[in-house]
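Listed in Swiss-Prot for this protein:
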BINDING   E26, D69  Mg(2+) 1 binding site
BINDING   D69, D71  Mg(2+) 2 binding site
DOMAIN    20-100  domain 'Toprim'
Amino acid sequence: MYAENYKRLEQLIDKLREFNGVILVEGMRDEVALRKLGVETEIIKLSRFPLAEIALTASHYHDIMILTDFDRKGEDLAKKLTQYLEGYKCRVDTNTRRELKKIAKKDIKGIEDLYGLYLRFKSLRF
């Protein structure tokens, strides 16, 4: 089970590293975790501006990935952002978040813990 999750997590991290759009996260710690994983693309933090303003800024990118936390607040933010962005006819990836949640739901609560989970899985040496 852990070996499968680790392999899938590595695939998703590779996807994040190769992503050429903008990633929307809740806060600074989320961005730091993604940077530690080698993600170099543009990242916008939701905690800085109203959602409508963030959606407008993000709509200038061709591809947008929403990576909010896995709690109720994160779910609500992801839904609202998706609605705003679909109004701008943007291509929005919420599947990556859903996949990460499926793999890590018992181990972490959100994106800021992703780097730690990756290190734990890696240390198990499958």
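Positions of Cβ are set from backbone N, Cα and C atoms, glycine also.
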Rounded mean pLDDT for the residues that make up the domain 'Toprim' (20-100):
96
According to DSSP, does D71 (Mg(2+) 2 binding site) fall in a helix, a strand, or coil?
coil
How does the domain 'Toprim' (20-100) divide up by DSSP, counting helix, then strand, then coil residues?
42 helix, 15 strand, 24 coil
Just going by other Cβ atoms within 10 Å, which of the binding-site residues E26, D69, D71 has the emptiest spot?
D71
How big is the Cα-to-Cα gap, in Å, between E26 (Mg(2+) 1 binding site) and D71 (Mg(2+) 2 binding site)?
12
